[in-house]
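Some features that Swiss-Prot has for this protein:
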type: BINDING; residues: R27, E89, R128, K464; note: (6S)-5-formyl-5,6,7,8-tetrahydrofolate binding site
type: DOMAIN; residues: 225-384; note: domain 'TrmE-type G'
type: BINDING; residues: N235, T254, V256, T259; note: K(+) binding site
type: BINDING; residues: 235-240, 254-260, 279-282; note: GTP binding site
type: BINDING; residues: S239, T260; note: Mg(2+) binding site
Amino acid sequence: MQTVSTEFDTIAAISTPPGEGGISIIRISGVDALKTASQIYRGKDLNKVNSHTINYGHIIDPENGNEVDEVMVSVMRAPHTYTKEDIVEINCHGGIVATNRILQIILGLDARLAKPGEFTERAFLNGRIDLSQAEAVMDLIRAKTDQSMKVALDQLDGNLSHLITNLRQNILDVLAQVEVNIDYPEYDDVETMTARLLKEKAIEVKAKIQQLLSTAKQGKVLRDGLATAIIGHPNVGKSSILNHLLHEDKAIVTDVAGTTRDVIEEYVNVQGVPLKLVDTAGIHETEDKVEKIGVDRSRKALSQADLVILVLDSSVPLRDEDRELLRETNHMQRIVVLNKSDLEVKINLNELQEYVDDKEIIKSSAVSPLGTKDLEDRIAAMFFAGSIENTSNNIMVTNARHIGLLKQADTALDAVLEGIETGMPVDLVQIDMTRTWDLLGEITGDSYQDELLDQLFSQFCLGK
């Protein structure tokens, strides 16, 4: 990671969401940030105020001297800022007109409009954070539960960075020792000694990488949410289950079969587990072209689901479509909900037990929250019981890019161990150890391609 600041041009952007609100914030960063802000600010001389202070004044249109807005202006001087550059943040009244007017005045002076994520990109390029920490900023913004926020904060604080840096240093130390042993052999069995040194370090690093990878499944759930498909025959109460989990009415509920003809997606926090709930159209044979499209989309949602909530109508006997869905989801993470339990039970429970264990079954009612708490408890119990089960000293891997690089590093270490076992020359085995070092460096951004930065930071919003 770079540690020396690079001088860039001055950038500006609105950092708050568009629309009406109490305040809006326009952020300026760069060598001319103070100069630019001073040209449009009436109040204390910003060039003379202390760093990390907030100052009351007004924004003035420099072309005509007219007052634009009453503002509070924060001044933060390099290097102790988010970007390690001078930063000025203008807090104006919320709303589109005033905010955009101030931004346009700034862009007419010594600043240009920032690209998405450019402030965070500068924080990385100027050495304040590494690449994994930069990615954690986006994870923090997108966090859907307290636990996903905690994991993102831990990564932003550098927990993952420190572990990866230590692993790379351990590898570098052993590579240096290998080079010394090869170039200046003091003993006849130097090849054997060096191979043993490489093997011990490869086993040690591999164990720590596998510890990290063991958290990947839970990490993906926390970061991206658990893709949860609510499926079943038309009019079994799928939309009611969705609404009960959301604790509000999002889906249309009627007694008409086929009311849901499309896929409805909503996020909900279930005891710390972020669910991406997908309420699907009823899966059944149909000649209706529009309804058939909905059924096809339902099957696609089912194929992509991490968890399936299969809803059955307990007030009618099992249908052939029910049996098909029970068979189809048998090897998936599944909860079976017997809905309409407030009505007379006509489903054959003995037959149902041929397809599903009792522990998978939850009884519920479409007209009341009956069974909702049981369903939430079951979901939480299936996925780490609402707490972060962690085997890597509170470090969890959540990012698909990091997971992929760790898997590649693990494979490279397999090659190291295989090479040693087969008697491959140490200088050749060393190549795979060096590759492991490089791959781990890609996680923190010690080595990267410009295209990767463009791809990562383009996912950020303007002003961050």
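From the backbone N, Cα and C atoms, a Cβ is placed for every residue, glycine too.
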Problem - CB within-chain contacts under 8 A for E89 ((6S)-5-formyl-5,6,7,8-tetrahydrofolate binding site), separation at least 6 - result: S15, I25, I26, R27, I28, V73, S74, M76
Fill in the blank from the handout: Same chain, |i - j| six or more, Cβ under 8 Å of R128 ((6S)-5-formyl-5,6,7,8-tetrahydrofolate binding site); the result in sequence order is Y82, T83, K84
Problem - Candidate with sparsest Cβ neighbourhood (10 Å radius) among R27, K238, K464, the listed binding-site residues - result: K464
Problem - Rounded inter-Cα distance in Å - K464 ((6S)-5-formyl-5,6,7,8-tetrahydrofolate binding site), S239 (Mg(2+) binding site) - result: 37
Fill in the blank from the handout: Taking all protein chains shown into account, the Cβ-based neighbour count within 10 Å for N235 (K(+) binding site) is 20
Practice task
Measure between the Cα atoms of every pair in R27, E89, R128, K464, the residues the record assigns to (6S)-5-formyl-5,6,7,8-tetrahydrofolate, and report the largest value in Å, rounded to a whole number.
Solution key: 19
Problem - S239 (Mg(2+) binding site): tally of other CB atoms within 10 A of its CB - result: 23
Exercise for the section: Could you say whether, by DSSP, K464 ((6S)-5-formyl-5,6,7,8-tetrahydrofolate binding site) belongs to a helix, a strand or a coil region? Expected result: coil
Fill in the blank from the handout: Reduced DSSP state (H/G/I helix, E/B strand, rest coil) at R128 ((6S)-5-formyl-5,6,7,8-tetrahydrofolate binding site) is coil
